[in-house]
Amino acid sequence: MFYLLGIFLAIVSTITDLIGKQLVRYSALLEQRGAFARARSSLIAGIVVSAVAGPLLDLGAYAVAPASLLAPFASMDVIWNAGLAPWLLNEKLTRPRCMAIVLVFIGTLIAGICGPRDDRLYTYESAEELVVSMRTPIYLAVLFGGIAFSTMVLSRRPTGDPMRGIALGLLAGSLSGNMFCVKLLMELVQISYRDSWESVWTNWLPYPLLLGAVFFAVSNLVFLTKGLREYQALFMVTVFEGAGMVTNAISASVILLECDNMEWWRVFLYAFGLCTICFGMLVLCKNEFKALEEENLQDDISFSPREGEDAKDLGLGAGLEEGNLEEQSVTENSPKSKFSLSL
């Protein structure tokens with residue numbers, strides 16, 4: 001029954017992670033209002049919460065529960081975010097967002113019930129065998145290939161472009177979802193406590209796992225912070241959590257082989273639950289993508305009425321033909337005519 005404690009810690013971790021993300025997004029809003037001191041404090045607080053509180057809770061969760069079981073519960077972050085973002089960040093809770101929340105909740109429930117519950121008893125030799133298997137370098141090659149592709153997309157897209165936002169979310173999520181390092185590291189800690197310190201820490205394996213856990217935990221914050229400061233939280237958190245959940249489930253199945261001993265129908269329902277979560281996130285992401293495009297289009301075509309010098313700055317009418325503009329300019333400079341243009 002220790003897996004229930006792991007689920008509880010994972011859910012609490014999603015709440016603390018969300019607090020950190022909300023603080024990062026709030027810092028961007030404060031910066032837009034000119035409150036730079038408060039924005040800096042909010043940004044620092046958000047990064048600290050995301051980098052310290054969440055990972056510590058994750059360590060406890062992955063010490064007592066399988067990684068593939070905990071992976072779907074990361075999507076709970078989307079539910080908390082959809083509930084709090086309209087209240088804290090004044091982001092609108094639309095019908096597609098509500099639909100996505102329901103789908104994510106149903107998928108999480110199915111995957112949580114049907115996922116692997118019993119954590120295997122690891123030894124140093126079994127953990128080392130998993131890491132040195134050919135599956136691990138192949139998985140890492142595919143992972144970093146995807147990261148390189150997303151980085152290329154980022155370098156070619158301007159700030160505010162929806163594709164840039166998706167690339168940022170995918171980068172951050174795919175990095176944060178690699179919890180296999182944390183899982184194996186915590187198993188090695190338990191082995192050293194159960195057997196002896198020398199049986200683990202005088203060997204090579206725990207150190208690359210420690211470096212990998214720190215790398216994945218810290219590197220994702222760089223892209224996530226950038227994404228939250230450029231895009232709405234309802235959009236960015238959805239992409240981030242979707243990529244993180246899928247990466248976590250795949251790494252646990254491919255590297256840790258946690259689904260190998262499950263019955264076929266449980267594997268099917270577990271995959272169905274994950275697909276339901278992904279579909280809910282797709283609904284929400286598609287809606288956010290459309291809303292972002294409409295917002296950008298509205299910003300491009302909208303303008304405010306101005307007179308006098310303000311009108312001149314906009315091209316003296318912006319909608320008149322060039323010949324009419326020249327005529328208006330001559331008339332305006334005439335001492336016999338005084339008028340103002342209204343846009």
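Cβ coordinates come from backbone N, Cα and C, glycine included.
TrEMBL does not curate its annotations; it predicts them automatically.
Here the structure is a predicted model, which means the values were calculated and not measured.
The annotation compositional bias 'Polar residues' is assigned in TrEMBL to 328-343.
What TrEMBL records for 322-343 is region 'Disordered'.
Summarising the annotation, TrEMBL assigns transmembrane segment to 6-24 (among others).
If you look up TrEMBL, you'll see 44-64 (among others) marked as transmembrane segment.
Marked as transmembrane segment by TrEMBL: 70-89 (among others). Sequence-distant contacts of the transmembrane segment (70-89) (same chain, six or more residues past either end, CB-CB distance under 8 Å): 6-7, 10-11, 14-15, 17-18, 21-22, 25-26, 29, 61-62, 97-98, 100-101, 104-105, 107-108, 111-112, 115, 177, 179, 232-234, 237-238, 241-242, 244-245, 248-249, 252, 273-274, 277, 280-281, 284.
Here TrEMBL flags 98-116 (among others) as transmembrane segment. Within its own chain, the transmembrane segment (98-116) has Cβ neighbours under 8 Å at 7, 66, 68-69, 71-73, 75-76, 78-79, 82-83, 238, 258-259, 261-262, 266, 269-270, 272-281, 283-284, 287, counting only residues six or more beyond its boundaries.
Residues 130, 163-164, 167-168, 170-171, 174-175, 178, 247, 250-251, 254-255 of the same chain lie 6+ residues outside the transmembrane segment (136-154) yet bring a C-beta within less than 8 angstroms of a C-beta in it. Positions annotated as transmembrane segment by TrEMBL: 136-154 (among others).
The transmembrane segment annotation in TrEMBL covers 166-185 (among others). Same-chain residues lying 6 or more positions outside the transmembrane segment (166-185) and placing a CB less than 8 Å from one of its CB atoms are 55, 58-59, 62, 66-67, 70-71, 74, 122, 127, 130-131, 143, 146-147, 150-151, 153-154, 157, 205-206, 209-210, 212-213, 216-217, 219-224, 226-227, 230-231, 235-236, 238-248, 251-252, 255-256, 285, 289.
Outside the transmembrane segment (205-224), and at least 6 residues removed from its termini, the chain residues within Cβ reach (under 8 Å) are 21, 24, 47, 50-51, 55, 124, 127-128, 131, 168-169, 171-173, 175-176, 178-179, 181-182, 184-185, 188, 236, 240. According to TrEMBL, the transmembrane segment annotation covers 205-224 (among others).
Among the features that TrEMBL reports, transmembrane segment is placed at 233-255 (among others).
Positions annotated as transmembrane segment by TrEMBL: 267-285 (among others).
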